[in-house]
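Participant: Features from TrEMBL:
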- 142-234: domain 'WSC' (DOMAIN)
- 245-342: domain 'WSC' (DOMAIN)
Amino acid sequence: MAKAFFRLQKFLRRTQFLLFFLTAAYLMAGSLLLLQRTRLVIQQGSRGTSANQALPVPEGMAGVGIADPRTLQNPRPSPRLLVGMDAMQEPALDQRHGPRWLVSRNSELRQLRRRWFHRFISDQEPMQTAGFKAMKHTAEHQGTYVGCFSDDSRERTLKGAVFYDLRKMTVSHCQEACAERAYTYAGLAYGAECYCGNTLPATTSKPEECNSECKGEKGSVCGGVNRLSVYRVEELRAGARRRRNVIYRGCFRAPENLTDTFPASLIQPNLTVEMCSEFCSKKEFPLAVIRGRECYCGFPTGRFSLHDGADGQLCSGTHNASSAAQGKYCLVYQTPVQDTRCTDRKFLTTKSKVFVALSSFPGAGNTWARHLIEHATGYYTGSYYFDGALYNKGFKGEKDHWRSRRTICVKTHESGKTEIEMFDSAILLIRNPFKSLMAEFNRKYAGHLGYATDRNWKSKEWPDFVNSYASWWASHVLDWLRYGKHLLVVHYEDLKQNLIPKLREMVEFLNMTVTEDRLLCVENNRDGNFKRSGAKQKDFEPFTQEMKDLINRYILTVDEALRARNFTGLPREYVPR
């Protein structure tokens with residue numbers, strides 16, 4: 001009897017536990033579905049009045065759930081929110097109904113659950129792409145979003161100007177850069193590349209194919225892989241016109257046949273510099289040439305190299321339809337448009353057989369020399385180091401392994417027998433040590449584009465810096481002269497003064513051939529994006545007499561070593577006499 005009672009008691013306990021578990025599971029499942037459905041409705045209603053609203057709904061349409069995806073303020077809608085947008089379009093839904101009404105709609109809850117599960121599991125990737133599509137295109141940008149287009153690097157339509165910023169690129173930054181250069185369209189690709197032009201790409205793409213998030217602006221789309229997010233920026237042009245920089249290049253003798261030399265022309269009574277510059281900018285030419293009432297647009301070429309300037313008085317009155325000097329001279333202006341004949345760059349298709357170094361002391365202009373070499377040859381330069389700031393500005397060879405041999409040459413500041421003998425040959429770039437030391441000190445305290453503050457120069461770091469780095473300047477050159485296998489010595493000052501002859505010499509040393517027009521394009525874009533800006537102190541002399549005496553001794557030592565190796569000595573301008 002006791003045994004039977006024990007079995008009954010055990011059975012009731014199991015049944016009680018089972019009933020409790022089933023009841024709890026039922027309540028939990030119902031609660032989850034209820035919370036999910038109420039959350040969708042609450043998001044529609046309550047967020048509409050919050051400071052961080054995700055779905056602004058026009059007055060009179062609250063509860064309906066119809067909204068233009070481009071008005072979304074939330075940069076990355078979740079899959080649930082996107083499903084809710086579709087589900088809430090059903091006419092039967094209304095925010096006035098409470099939870100009791102929602103529970104009674106069992107069939108609708110099952111439908112919602114199936115719909116959510118199907119979209120979240122089966123279409124998860126398309127939903128994420130749709131989330132990008134719903135990101136901001138126009139909310140915070142003055143330009144008008146045109147659409148997503150295919151981008152062919154070999155036949156690029158938006159090629160008027162090219163900018164890279166692999167860390168801080170935003171839609172606004174690209175639009176403003178294009179507007180300042182008088183372009184109509186701005187296109188973004190790969191989340192970090194900006195292209196400008198006045199003609200739309202020919203091939204449109206599906207909106208969801210532009211799915212790369214901007215590197216400097218979460219929630220905004222900056223194109224995709226071989227895809228451009230294109231904006232029309234003419235709304236910015238009125239404000240940007242004040243900042244456009246039309247540079248007077250000088251007075252030059254006009255070529256014999258202007259129509260053959262320049263691809264575009266305009267004849268306009270009362271022609272002004274602004275009229276000609278605007279016309280040439282729209283045609284995407286970097287030069288505006290004025291002779292009387294004639295306006296010509298084009299590039300620097302062998303026929304018109306801009307190397308032999310004339311007396312400005314010979315062009316006096318030229319732009320006022322005067323027949324000054326019988327029309328033999330013309331005024332030349334640089335438009336805001338970038339010369340793009342030399343902006344295409346790539347990695348070597350086959351590994352280089354010769355391992356070439358671009359060696360210099362820090363602050364000697366290595367980055368500028370790399371800019372010139374890349375644009376002259378069309379190939380990226382590598383680096384012994386990884387400088388994120390340079391990589392983010394388009395020096396893509398920074399991220400490539402320095403021994404990959406996929407770059408035309410490799411930047412290095414190293415010295416010493418082992419480090420030098422790794423290279424088969426080298427371009428040795430030498431700069432005035434006074435200028436090099438100041439440039440490196442500026443970089444150390446203010447980056448590649450800034451200037452150190454007066455406080456930095458007056459601190460104890462500056463004397464210590466000079467004492468240690470001045471000897472490095474000398475030992476760097478002496479080591480490369482001693483251990484370098486095959487050297488081309490280039491002086492920064494000579495390169496700056498005679499750009500094309502010296503650059504041609506460097507390109508030939510790299511065993512490359514380049515056209516005259518491409519070299520003229522490099523000269524037209526000689527500064528690149530790494531010219532220092534900001535408050536530069538005039539007539540600033542940070543060197544004490546003791547520092548000067550120390551550096552001058554090093555200069556004499558290096559000059560003597562160069563001549564001993566049958567190289568040209570240091571430029572006379574900074575060798576002590």
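Glycine residues also receive a Cβ, built from the backbone N, Cα and C atoms like all the rest.
Please treat TrEMBL annotations as automatic predictions, because they have not gone through curation.
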Participant: On the 0 to 100 pLDDT scale, where does the domain 'WSC' (142-234) sit on average?
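Facilitator: That region's mean pLDDT is 84.
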Participant: Which residue counts does DSSP yield for the domain 'WSC' (142-234) in the helix, strand and coil classes, in that order?
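Facilitator: Per DSSP, the residues of the domain 'WSC' (142-234) fall into 14 helix, 36 strand, 43 coil.
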Participant: Taking DSSP states H, G and I as helix and E and B as strand, how many residues of the domain 'WSC' (245-342) are helix, strand and coil?
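Facilitator: With helix first, then strand, then coil, the domain 'WSC' (245-342) has 25 helix, 29 strand, 44 coil.
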